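According to Swiss-Prot, the protein has these features:
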BINDING   38, 39, 71, 90, 91, 92, 93, 94, 95, 96, 97, 98  5-phospho-alpha-D-ribose 1-diphosphate binding site
BINDING   71, 94, 95, 96, 97, 98, 136, 137  GMP binding site
BINDING   91  Mg(2+) binding site
BINDING   94, 137  xanthine binding site
BINDING   94, 137  guanine binding site
């Protein structure tokens, strides 16, 4: 993946709040959120605040190792239940591998992401931003702000 899409903290909060507005419009009485660790943790915290949801759990699936997709995903921890009246939150749906696991674990859940790539898009119930399949998304928790020398000094 040669191109990168840089996500700032501000962008993430704005997009997640847009998702919260959409979820409010569904008029569903949500009982909780399941955050897909780790990418869904920050969006889940924002959604929980905006929707007034106090019950937040996690499902922990190892699918990425820093910047490369793992072929074999490992379920480390599951949340209980079938997902009824639950929002499952991840930061993105990429190839759909993790999303298929989520759908099997929580068939009654409402599955949302902030970003969606073409191969996984149909596996989520809602998302905010379309991303091309060949673009790598850099999330704010994976980056830091650092000094860059002026061009004249290079």
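Cβ coordinates are placed from backbone N, Cα and C, and glycine is handled just like the others.
Structural mapping of features recorded in Swiss-Prot.
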| residue | record | contacts (Cβ under 8 Å, 6+ apart) |
| --- | --- | --- |
| 38 | 5-phospho-alpha-D-ribose 1-diphosphate binding site | 141 |
| 91 | 5-phospho-alpha-D-ribose 1-diphosphate binding site | 36, 39, 40, 42, 43, 113, 114, 115, 137, 139 |
| 93 | 5-phospho-alpha-D-ribose 1-diphosphate binding site | 99, 113, 115, 116, 117, 120, 121, 123, 124, 127 |
| 96 | GMP binding site | 119, 120, 122, 123 |
| 98 | GMP binding site | 36, 61, 63, 73, 90 |
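A simple Cβ count within 10 Å picks out one of the binding-site residues 94, 136, 137 as the most packed, and that one is 94.
Summary for the binding-site residues 95, 97: the Cβ-based neighbour count within 10 Å is maximal at 97.
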